[in-house]
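Undergrad: Let me give you the structure first, and then I'll get to my questions.
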Amino acid sequence: MATNNPAADQDTHFFGDVCKNFDYAAQFTKHDAGLLDQIKSCNSVYRFRFPIRRGNGFEVIDAWRVEHSQHQSPTKGGIRYSEMVNEDEVMALAALMTYKCAIVNVPFGGAKGGIKINPKNYTIQELENITRRYTVELIKKNFIGPSIDVPAPDYGSGEREMSWIADTYATMNPGQLDAMGAVTGKPIALHGIAGRREATGRGVAIAIRECVSVGEDMQKIGLLPGISGKKVIVQGLGNVGYHSARFLAEFGALVVGLCEFEGAIYNEDGLDVEAVFQHRKATGSILGYAGAKKEFKNSHDGLEQPCDILVPAALENQITEANVKNIKAKIIAEGANGPTTPEAEAIFYKNGGIIIPDMYANAGGVTVSYFEWLKNLSHVAFGRMNRRFEENTNLNMVNMVEGITGVALTPLQRSTIIKGASELELVNSGLEDTMIRSYHEIREIYINNPKIGTLRSAAMVGAINKIAVSYQNLGIWP
Ligand code: NAD
């Protein structure tokens, strides 16, 4: 619940945890202490409050926007709508965005926003008022704009909220040609991009598939290589969790457990993710789903069931010293930001597991947000200029090969070869390429320096080195 002093009721260890990982990783770099300090600190922390009309009275809303690092512009990061959000959390999430963008080579600095409300307690009109007023407050302080700071969805927000932000920003900036680039994660009808909605989950699934494809790494943790048949438990059936589960099943994994805040369900023979999703939509709960063999009233019991891979995709601090020893998975793939505490991570690695860290695993969202921003600045959909040209070129080639060889292709073969790429195909291909390349960049650092110890620290070493180059390019550090 909001207090009169939101800074006072904050839980203060999430940003500290991110900084701890930074400090540890920094030992494996050779940068000046001042530069490291500059990279680590949050550059701008804007805390504000505004009133909204509710019923016959008013309510004062607490909100934040944190720009962690402007080594690249604009800064970028989602807006969290949660009654638990606090300044420390927004700072931690903003910092993670800086490192995440560096890891996947997206040329943005990191930022994050927070609005301290439980969206379920507000009408759509009230949510619209809150979102529009939040945006106006950002505009007043120059904390939003296509070249300044570009928000996106996060926990508790989605396309609807992003379209209110885009509309408010465009209204307050008449004639600004690139106004739609001030926010990403918009609906496709409002200058969004195909594939953004599912991008984070698709990225998580690709990250896991890539990790389990490396035979020698799997051997070390006692798993067979390959995604096929791997047993997975996913926590959170929201944007990230639902799509992660869906794509993992599509890639051949067996989703055996799903956990939501009302409870968890399990079936070692696999759950139909879409059917569970529809069941929850219809009944308001995953409990009572006919295809489950076990049900748990305590959602956390679901995390401790037998599986190969656990995907926490809800909130931070889900895997702690208290429950990590009961986790059966060999791989934790962090769909959410900060789901594993540093203490739990150390125990998990000691027990022979491996963690695919949030900074990399859930970077698919910001990667496709980058593509959306590029589309907004170029004012043209991907594929529009070259699709037909590509198809004509391919058609000429097929006709020529058929003519020379005398072999006629089937209609299916012809259309498969000839077809030019759609926006969705280009986005998915860019996302897949990014996730695969980045995984191997991180793994290379991890393998080449065993003292680093975790994929998280390896990812951080890579991020620090790239951000340091940006500062050097700006001429700030030698
Ligand atoms: P969301 O609001 O769409 O979904 C979160 C889901 O988690 C909800 O269904 C909620 O009921 C469930 N949940 C809440 N508490 C739970 C608990 N204790 N146990 C089980 N389930 C619980 O949010 P989202 O966008 O999917 O974000 C989830 C996480 O992923 C957050 O940490 C967010 O920062 C991170 N993330 C999101 C994106 C994105 O593109 N949306 C990108 C990167 C990272």
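Glycine residues also receive a Cβ, built from the backbone N, Cα and C atoms like all the rest.
Annotation comment: TrEMBL describes Lys112 as active site, proton donor. As annotated by TrEMBL, substrate binding site applies to Lys76, Lys100, Ser369. Taken from TrEMBL, the feature NAD(+) binding site covers Thr200, Asn239. Residues annotated as site 'Important for catalysis' in TrEMBL: Asp154.
Burial and contacts for the listed features, if you can.
TA: Around Lys112 (active site, proton donor), taking its Cβ as the centre, 31 other Cβ atoms fall within 10 Å, counting all chains. For the recorded site, Lys112 (active site, proton donor), the DSSP three-state label reads strand.
Classification of Lys76 (substrate binding site) by DSSP places it within a strand.
The DSSP secondary structure for Thr200 (NAD(+) binding site) is helix.
For Asp154 (site 'Important for catalysis'), the same-chain residues 6+ apart in sequence whose C-beta sits under 8 angstroms from its C-beta are Gly77, Gly78, Ile79, Arg80, Tyr81, Leu93, Lys112, Gly113. DSSP assigns Asp154 (site 'Important for catalysis') to coil in the three-state reduction, outside any helix or strand.
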Undergrad: Among the recorded positions Lys76, Lys112, Thr200, Asn239, Ser369, which have a Cβ atom lying under 6 Å from any atom of ligand 1?
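TA: Listed by sequence, the hits are Thr200, Asn239.
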Undergrad: What is the nearest of the binding-site residues Lys76, Lys100, Ser369 to Thr200 (NAD(+) binding site), using the Cα of each?
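TA: Comparing Cα positions, the candidate nearest Thr200 (NAD(+) binding site) turns out to be Ser369.
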Undergrad: Count the Cβ atoms, other than its own, that fall within 10 Å of the Cβ of Asn239 (NAD(+) binding site), considering every protein chain shown.
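TA: 23, counting other Cβ atoms within 10 Å of Asn239 (NAD(+) binding site).
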Undergrad: Using Asn239 (NAD(+) binding site) as the reference point, find which of the binding-site residues Lys76, Lys100, Ser369 has the shortest Cα-to-Cα distance to it.
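TA: Of all the candidates listed, Ser369 is nearest in space.
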Undergrad: I'd like the number of other C-beta atoms within 10 A of the C-beta of Lys76 (substrate binding site), please.
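TA: Excluding its own Cβ, Lys76 (substrate binding site) sees 28 Cβ atoms within 10 Å.
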Undergrad: In three-state terms from DSSP, label Ser369 (substrate binding site) for me.
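TA: SS state of Ser369 (substrate binding site) = helix.
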